[in-house]
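Take a look at the structure below.
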Amino acid sequence: MVVFSKVAAAAFGLSAVASAMPAAPPRQGFTINQLTRAIPKRTINLPAIYANALSKYGGNVPPHIQDAMAHGSAVTTPEQYDVEYLTPVAVGGTTMNLDFDTGSADLWVFSNELPSSQTTGHSVYKPSDNGTRMSGYSWEISYGDGSSAGGDVYRDTVTVGGVTAPGQAVEAASHISEQFTRDQNNDGLLGLAFSSINTVQPKSQTTFFDSVKSQLESPLFAVTLKHQAPGSYDFGYIDQSKYTGELTYTDVDNSQGFWMFSATAGETDFDAIADTGTTLIMIDQSIAEDYYSQVPLAFNNFFYGGWTFPCSAELPSFTVTINGYDAVVPGEHIKYAPVTDGSSTCFGGIQDNQGLPFSILGDVFLKSQYVVFDSEGPQLGFAPQA
């Protein structure tokens with residue numbers, strides 16, 4: 001009985017301490033919608049979009065694509081051809097329109113360290129009163145079209161939806177190339193790949209998602225990109241109203257820092273990366289050739305740097321099988337854009353991966369799917385959009 005009394009007393013004491021402690025904040029789930037607003041026309045360079053995706057993954061940009069960048073452009077708006085999807089994010093108190101990118105792990109932004117001539121039309125990060133510069137830390141990025149950016153690193157408050165990372169690494173641009181300054185819709189990038197590939201030197205930093213996932217109901221986010229319309233990101237929960245049927249899950253190999261998984265197209269097995277920061281589907285040459293063999297007058301057009309076809313063509317759908325689930329991309333999504341403004345020749349949304357050891361399933365693929373990025377496993381879940 002003495003032992004029982006001691007245990008009871010201890011239990012009572014623990015319960016009293018617990019009741020005196022503040023309750024842990026409830027875990028959250030929230031949805032952040034992408035922008036829907038009028039955006040003026042701007043010039044996009046289709047071969048440059050292709051080249052940037054290749055160089056992002058360490059691939060070589062062939063000479064014919066480099067040559068095509070010199071004359072390949074189309075005057076359009078981002079919504080019309082789904083070049084990029086932008087999402088509002090509060091960075092150090094400034095609301096900025098960022099590109100959410102599951103193919104990289106950096107959060108970089110236009111900053112007040114840039115000359116005013118390079119920030120026209122952009123929201124600019126200014127460190128908050130709580131923001132601190134990380135002495136000796138820096139970052140640098142470059143892409144296949146010659147664009148580049150780099151600068152200093154700060155710790156500051158970053159808020160997406162209702163969730164805040166109070167000491168998030170923010171990569172503030174102090175120098176930036178003209179290609180970025182011309183895109184006045186985009187104030188930077190928020191990476192959602194794995195923190196292991198963050199490029200900050202001398203020590204990589206944690207992504208926003210890794211910083212806040214303990215605050216979420218579940219350590220996941222789900223992506224609903226739309227064809228020629230704004231989509232949404234669900235953080236911490238799965239919205240069953242956004243897909244039909246059941247989710248099919250597949251294991252992720254994150255050894256290279258990406259959301260990589262196994263898939264099949266036709267009779268060909270391949271590894272693929274789900275990348276919201278890449279516009280196109282970039283796949284094995286044989287798969288691209290098999291697909292375009294079904295499209296009259298389609299060919300690998302060296303002048304324009306990739307597969308083209310008559311804009312009047314009716315394109316077949318494209319199917320990627322993932323752990324038994326057939327993810328179907330409608331042909332209209334693959335008819336990406338005219339090679340120049342008003343042209344009757346269109347640039348394909350499926351292109352050759354130029355020998356990369358994996359394929360990239362970018363927005364052309366993702367905007368027909370509801371995709372769950374689950375850090376437990378890790379794993380990916382796929383279902384058709386509702």
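Backbone N, Cα and C atoms are what each Cβ position is placed from, and that goes for glycine too.
Annotated in Swiss-Prot:
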| type | residues | note |
| --- | --- | --- |
| SIGNAL | 1-20 | signal peptide |
| DOMAIN | 85-383 | domain 'Peptidase A1' |
| ACT_SITE | ASP101 | active site |
| CARBOHYD | ASN130 | N-linked glycosylation site |
| ACT_SITE | ASP275 | active site |
| DISULFID | CYS311-CYS346 | disulfide bond |
Limited to the domain 'Peptidase A1' (85-383), I'd like the whole-number average of pLDDT.
95
Among the recorded positions listed here (ASN130, ASP275, CYS311, CYS346), which has the Cα closest to the Cα of ASP101 (active site)?
ASP275
Can you check which residues sit near ASP275 (active site), meaning Cβ under 8 Å from its Cβ, same chain, 6 or more apart in sequence, and list them in order?
ASP101, THR102, GLY103, PHE258, TRP259, ILE360, LEU361, GLY362
Sort out for me which one of CYS311, CYS346 has the most neighbouring CB atoms within 10 A, since those are the disulfide-bonded residues we care about.
CYS346
Could you list the residues of the same chain, at least six apart in sequence, whose Cβ is under 8 A from the Cβ of ASN130 (N-linked glycosylation site)?
ASP156, THR157, PRO166
Provide the number of Cβ atoms within 10 Å of the Cβ of ASP101 (active site), excluding the reference atom itself.
21
